[in-house]
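In what follows, a structure is listed as structure tokens, so that the remarks can point back to it.
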């Protein structure tokens, strides 16, 4: 044991442990310090994994002066990991600048966490900049982890062209792409409904001696579903089966979604049965697609029946299932039905989300019910659900459709939206304009510091200009 202490901490530290500062035995005291140090390291890593930056920073400050120079890189990288897991690229960048200022040695993990922090923050440009910096580092090599992080960031940002660029660059480097590399690109094309490009990437994957997985094929089926191309969805499902790749829940529900988007309820239910025949237990996603298909077609009674079937199968309907029925009632302008189902959600202990409140607000708007729509905003805040711009817009629509128009209520709700730091869009300005008029809308925006040029789209500006011209013409006609 004593030899281990000497080798680990060095002879001077070993002497202090054994003899203490004045030559007396300090073994018990120092061992307790080592135990505390070990716990702090463990706590640092746990909080870093959870992305708890504030707690990591506090522990980092405690450990910084206690850790040997050999472990300083690991210490600084662990705090970088916290920033990365929190998606806080600005914090990671700031910490890295301090790391260089203190001349802490960088390694592959340092660059990996910087890339990851940018990727999680959705900053593809910064992620690629750090990968380029790593490629140019003569001492370190980029690994598949670094390339895959950037490829995945490009793919999630729906930039498959950039993802393909980095995939090709990875192929030409000393690192070989993995199945995950190709699947990210395939999924990116699939999200945009580019089935041919996704299929071509799958062939490229095979040419690289990598076997396409269930994720590869299911992504392609999803791209078919987005275009409601049922024939292609069934074809690719068949190819997957022929190649002995076992379909999973997502594979079956992707085909179901294709038929749902095509409005073919019978085949949605047919593939629901095929999922069961394959020995898979239908989950909330499978039931949700059947419910959505019925709700879209206006067959709300059937949608409700399937929700009850879901419950009978011991699957508690989630907020998504209820939202589908709410949306179905709103679509056929059945505000009473929407309100009843909203109440039923609470009775069934299902917490409404932004979509639930937004759909109910839209139903109030359709019936010109201003006060219930305004009260809904208060209910959302009480339930700690932050109202979205869609919900505020629906409240303004109710004010616009009321007779006479409720201009004061509309102004009050718009002020509340700005105060709540709601992400304003062109639609809410358009509705506000319809309620209070162009001049008053401009006054309000100026008073509240809303930059109309940034918010309004080109289409909206044309609409506003046209409305202002009409108001000017009407004013002149009244003045004659």
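Cβ atoms are placed via backbone N, Cα and C, with glycine included.
Per TrEMBL, the features are as follows:
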REPEAT    72-106  repeat 'PPR'
REPEAT    143-177  repeat 'PPR'
DOMAIN    143-322  domain 'PROP1-like PPR'
REPEAT    178-212  repeat 'PPR'
REPEAT    213-247  repeat 'PPR'
REPEAT    248-282  repeat 'PPR'
REPEAT    283-317  repeat 'PPR'
REPEAT    318-352  repeat 'PPR'
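Averaged over the repeat 'PPR' (318-352), the predicted model reaches a pLDDT of 88. Sequence-distant contacts of the repeat 'PPR' (318-352), counting only residues of its own chain at least 6 positions beyond either end whose CB sits under 8 Å from a CB of the stretch, comprise 284, 287-288, 291-292, 294-296, 298, 300, 303-304, 307, 310, 359-360, 362-364, 366-367, 369, 383, 385. According to DSSP, the secondary structure content of the repeat 'PPR' (72-106) in residues is 27 helix, 0 strand, 8 coil. Panel annotation: around the repeat 'PPR' (143-177), residues 108, 111-112, 115-116, 118-119, 122, 124, 127-128, 131, 134-135, 184-185, 187-189, 191-192, 194, 197, 201, 208, 210 of the same chain, lying at least six beyond its termini, place a Cβ under 8 Å from a Cβ of the stretch. Same-chain neighbours of the repeat 'PPR' (72-106): 44-45, 47-53, 56-57, 60, 63-64, 113-114, 116-118, 120-121, 123, 126, 140, counting only residues six or more beyond its ends whose CB sits under 8 Å from a CB of the stretch.
Helix, strand and coil counts under DSSP for the repeat 'PPR' (143-177) come to 25 helix, 0 strand, 10 coil.
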